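Record features (TrEMBL):
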TRANSMEM  52-74  transmembrane segment
TRANSMEM  81-101  transmembrane segment
TRANSMEM  128-150  transmembrane segment
TRANSMEM  170-186  transmembrane segment
TRANSMEM  206-227  transmembrane segment
TRANSMEM  257-274  transmembrane segment
TRANSMEM  280-300  transmembrane segment
TRANSMEM  321-340  transmembrane segment
TRANSMEM  360-391  transmembrane segment
TRANSMEM  398-420  transmembrane segment
TRANSMEM  440-460  transmembrane segment
């Protein structure tokens, strides 16, 4: 009974939390509005906790318990507790808005048009690999998990005559890395937003570097296609060629592809403009413009009614799905705010800053944590949150930009090799293979990803 009632109430409560966040921003963080936001955050946490995944329940319990202990230690009145729960509401609000732009892309048919770039006649596995990686890079930016079954379905047609084990490895190795590569600069990626919050670096300063590093990673990822030039020999090339010849293809649309990238540029440009004019953080600006942008896009494509229909149909499911990350974000934000009230960081600053004298060692440790812990079942956001606890003293010694770059790039290796990551889990279901096999297939590129992250961080010291 409680479970069904809370499942029904959560989407409406999360919506009120979003509206209170917008009201707080619009009012210049008026105290009483901020307190209402904190009360709604507390209620959202209580109603979400029992329905969250076990990992988030455990981590959330630890953060909340430790946070309350810090409040008692620092003699902070418990009535201030709601105010300490608001620091990460922006991240939840951003996640709330993301499905709307997803719906706008799908009703506009951009997912179908971009996937047609996979259907250009080729006959070589290596060229198809590169094309698949690039299309995944583009589609996953806003379609997220919905891009996985779409790309698997399209690629499956053209790999139907290729040996099954080769085809499955090909799809896992060419589709999944695109998710991680584009996410390193994505303006809607929670790991990027979290790294920005933890380090205090401006996204405007971060963006050009991350975009450049993503192109480097895309080039390195494309080199993996060379393995299929030799591996398949004549049989796979002939089988792939026959698949292209016997199945109907549709020419990709240059105009729709161009429209997609223009819309992306407008979205990012609008967020930067709002960030400058309204004097809010970039991700707050992105949160505020995602829904108006999506509506305007649907209107311009004359798909507004369909956009509204899909949004209404998916709203409750999408919104209730936030409960897992809401438990993590609110509990971690609370602990971070609570521990800042204590002298603990002052005590730790000496030993932590001593470690900072060897940035290479520090960055390698960060990379190893992000490579190993997600494979063992820890969500990369949890790993980043724990690392973030020790950052304040480090940021006094090492460039915040450098640390942000290392954390973002290394954490996003989990997008294609984190055994329990959502993308890997979904792909394992689509391919009907063990997720650890996908981890093994992408392990070497995951290490390359982390090495690039460490080198990039060292270059920006």
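FYI, residue positions are counted from 1 along the chain as it appears here.
Cβ coordinates are placed from backbone N, Cα and C, and glycine is handled just like the others.
Note that the structure is predicted; figures quoted are calculated from it, not measured.
If you look at the transmembrane segment (170-186), the same-chain residues 6 or more away from its ends with a CB under 8 A from one of its CBs are 125, 128-129, 132-141, 147-148, 151-152, 155-156, 159, 162, 192, 207, 210-211, 213-214, 217-218, 221, 224-225, 228, 408-409, 412-417, 423-424, 427, 431, 433, 438, 441-442, 445, 449. Here the transmembrane segment (81-101) sits against the transmembrane segment (321-340); at least 3 CB pairs are under 8 Å, leaving out pairs fewer than 6 apart in sequence. If you look at the transmembrane segment (206-227), the same-chain residues 6 or more away from its ends with a CB under 8 A from one of its CBs are 125-127, 129-130, 133-134, 137, 173-174, 177-178, 180-182, 184-185, 187, 192, 196, 268, 401, 404-405, 408-409, 445, 448-449, 452, 456, 460.
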